[in-house]
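Undergrad: Before we start, here is the structure in question, set down as structure tokens.
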Amino acid sequence: MAIGSLARRKVTTILSSRYLYSTSKYSFSLSRNYSSGSDENDVVVIGGGPGGYVAAIKAAQLGLKTTCIEKRGTLGGTCLNVGCIPSKALLHSSHMYHEAQHSFANHGVKFSSVEVDLPAMMGQKDKAVANLTRGIEGLFKKNKVNYVKGYGKFLSPSEISVDTVEGGNTVVKGKNIIIATGSDVKSLPGLTIDEKRIVSSTGALALTEVPKKLVVIGAGYIGLEMGSVWGRLGSEVTVVEFGPDIVPSMDGEVRKQFQRSLEKQKMKFLLKTKVVSVETVGDGVKLTLEPAAGGDQTTLEADVVLVSAGRIPFTSGLGLDKIGVETDKAGRILVNERFATNVPGVHAIGDVIPGPMLAHKAEEDGVACVEFIAGKEGHVDYDLVPGVVYTHPEVASVGKTEEQVKALGVEYRVGKFPFLANSRAKAIDDAEGIVKVLAEKETDKILGVHIMSPNAGELIHEAVLALHYGASSEDIARTCHAHPTMSEALKEAAMATYDKPIHI
């Protein structure tokens with residue numbers, strides 16, 4: 001049996017120290033009272049997104065009197081209201097339409113015509129969002145979390161002034177304040193987002209008609225997902241990217257296959273290309289482009305331009321400078337391994353601190369932060385936060401890419417298995433993709449797993465758990481997987497890593 005085992009160690013890794021303050025420089029009591037008067041709350045959370053509302057619920061579950069302040073008036077933050085959830089609703093709906101057009105006949109399902117009812121599609125999306133936001137309010141009531149709707153800003157390290165959505169003002173006091181205000185769309189110099197012709201992801205989720213030509217600026221997760229939605233519904237999609245690659249954080253080999261897959265879906269890519277200007281002309285938009293390395297300019301016309309150049313921490317108007325909270329050059333709040341800032345009693349989590357800007361990472365931050373406040377131990381391992389691109393096929397990964405392993409100078413082995421050899425994938429006629437496993441040569445310990453397939457975002461979690469417990473590729477290979485399932489491809493890739501696969 002290989003060195004790996006299913007229960008090798010208890011995970012106690014804390015946030016990577018390269019992002020944080022040293023505790024030797026800043027030390028403070030978790031229970032100290034900093035308010036000028038009597039504190040009404042043990043914990044006050046500013047922001048009701050995935051990090052904030054999860055932190056608030058967890059704090060209440062641990063017996064801490066908790067208030068959550070949310071400016072939007074609906075809980076769930078960007079993710080639930082104008083991000084993760086509505087985009088997945090449209091990705092699913094548009095995929096169903098695409099399947100009806102291109103795949104149903106192969107399965108013996110035929111009809112004379114199929115058409116897009118965009119208002120109905122948007123209605124389904126909005127219903128899902130509304131139900132989920134109400135669900136979080138229900139969880140607040142169940143766990144006795146006080147909910148204040150309004151924009152909060154610091155009066156002191158223990159007092160938050162809230163301009164309520166009803167037009168009034170109230171002051172919320174707390175022994176511990178958690179900043180969980182998330183992130184905002186990153187714009188480009190000289191470009192004005194009007195959410196009609198030049199849109200952010202928010203506007204791309206609410207278009208009233210399918211644009212004939214859509215240009216996406218930025219080849220990251222969000223741009224490719226929204227480009228996929230509108231491409232399936234009939235748009236001619238062109239993605240403009242300044243860098244040489246799409247999704248630069250992705251494993252290089254998987255990235256190449258992924259790009260080929262998107263190109264087969266008629267998505268066009270202009271890589272190493274700089275956007276010089278974007279201007280609205282009549283009912284359309286004209287972009288001026290030039291090679292990233294310099295050269296002759298060209299123009300590109302579109303009906304809609306989606307600006308998807310990344311996100312930035314949202315901290316404006318919080319009064320951080322008033323209480324002296326330190327940030328880095330990118331505007332991220334600096335915290336120590338307990339998510340505490342340099343100001344006693346003030347903490348920060350999620351997109352406003354260094355680390356991946358992902359909803360599930362923010363949730364883990366929130367739980368760990370509150371556990372520390374309650375005198376317990378928390379942990380988040382940023383190296384084991386899974387990433388998923390929710391296109392079709394999806395791409396999911398955890399751990400190191402092959403490029404990162406090479407850079408570390410570690411001797412390693414690679415195991416791969418194509419879904420073309422997976423019986424479930426062949427049975428459902430959806431077999432595009434691959435599983436790739438990287439393991440240390442000497443110990444067989446898994447270093448990274450990368451999956452491109454339908455529902456890769458669901459398949460990746462077996463690998464996440466394996467990495468958390470220091471498992472070997474042989475551990476996965478010797479674990480019985482139900483047949484026929486897509487997850488058998490991961491088992492076969494693990495077999496290919498330490499020995500040989502069976503089905504190829």
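Glycine is treated like the rest: Cβ placed from N, Cα and C.
From TrEMBL, for reference:
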| type | residues | note |
| --- | --- | --- |
| ACT_SITE | HIS483 | active site, proton acceptor |
| BINDING | LYS88, GLY152, THR181, GLY182, SER183, ASP351, MET357, LEU358, ALA359, HIS360 | FAD binding site |
| BINDING | GLY218, ALA219, GLY220, TYR221, ILE222, GLY223, LEU224, GLU225, GLU241, GLY310 | NAD(+) binding site |
| DISULFID | CYS79-CYS84 | disulfide bond |
| DOMAIN | 42-366 | domain 'FAD/NAD(P)-binding' |
| DOMAIN | 385-494 | domain 'Pyridine nucleotide-disulphide oxidoreductase dimerisation' |
Undergrad: Could you tell me how many residues in the domain 'Pyridine nucleotide-disulphide oxidoreductase dimerisation' (385-494) are helical, how many are strand and how many are coil under DSSP?
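TA: Summed by class, the stretch gives 40 helix, 33 strand, 37 coil.
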Undergrad: Taking the Cα atoms as reference points, how far is LEU224 (NAD(+) binding site) from CYS79 (disulfide bond) in Å?
TA: 17
Undergrad: Is any of the recorded positions SER183, ILE222, GLU241, ALA359, HIS483 within 10 Å of CYS84 (disulfide bond) (Cα-Cα), and if so, which, in sequence order?
TA: ILE222, ALA359
Undergrad: Do me a favour and check the Cα-Cα span between GLY218 (NAD(+) binding site) and LYS88 (FAD binding site); whole Å is fine.
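TA: A Cα-Cα distance of 19 Å.
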Undergrad: Can you tell which of THR181, SER183 has the least company, meaning the fewest other C-beta atoms within 10 angstroms of its C-beta, among these binding-site residues?
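TA: Ranked by other Cβ atoms within 10 Å, the binding-site residues THR181, SER183 bottom out at SER183.
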Undergrad: Give the sequence-ordered set of same-chain residues, not counting GLY218, ALA219, GLY220, TYR221, ILE222, GLY223, LEU224, GLU225, GLU241, GLY310, with Cβ within 8 Å of the centre of the Cβ atoms defining the NAD(+) site.
TA: VAL216, VAL239, ILE246, VAL247, SER308
Undergrad: Given the recorded positions LYS88, HIS483, which one is most crowded in terms of C-beta atoms within 10 angstroms?
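TA: Neighbour-count leader: LYS88.
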Undergrad: Taking 10 A as the limit, how many CB atoms besides its own sit near the CB of GLY218 (NAD(+) binding site)?
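TA: Around GLY218 (NAD(+) binding site), other Cβ atoms within 10 Å: 23.
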Undergrad: Under 8 Å Cβ-Cβ from ILE222 (NAD(+) binding site), six or more apart in the same chain: what's there?
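TA: Counting only residues 6 or more apart in sequence, the Cβ neighbours of ILE222 (NAD(+) binding site) under 8 Å are SER87, SER201, SER308.
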Undergrad: Within its own chain, what residues at least 6 apart in sequence put their Cβ under 8 Å from the Cβ of GLU241 (NAD(+) binding site), listed in sequence order?
TA: GLY218, ALA219, PHE269, LEU270, LEU271, LYS272, THR273
Undergrad: Distance check, please: Cα of HIS483 (active site, proton acceptor) against Cα of GLY220 (NAD(+) binding site), rounded to an integer number of angstrom.
TA: 34
Undergrad: Enter the number of other CB atoms within 10 angstroms of the CB of MET357 (FAD binding site).
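TA: The answer is 19.
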Undergrad: Could you list the residues of the same chain, at least six apart in sequence, whose Cβ is under 8 A from the Cβ of CYS79 (disulfide bond)?
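TA: Non-local contacts for CYS79 (disulfide bond): GLY49, PRO50, ILE85, ALA359.
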Undergrad: Find the one among the binding-site residues LYS88, THR181, SER183, MET357 whose C-alpha lies closest to that of GLY220 (NAD(+) binding site).
TA: MET357
Undergrad: Look at the recorded positions CYS84, LEU224, ALA359 and tell me which residue has the greatest number of other C-beta atoms within 10 angstroms of its C-beta.
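TA: The residue with the densest Cβ neighbourhood is LEU224.
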Undergrad: If you measure every Cα to Cα distance among GLY218, ALA219, GLY220, TYR221, ILE222, GLY223, LEU224, GLU225, GLU241, GLY310, the residues said to bind NAD(+), what is the biggest one in Å?
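TA: Greatest Cα-Cα span of the listed binding residues: 15 Å.
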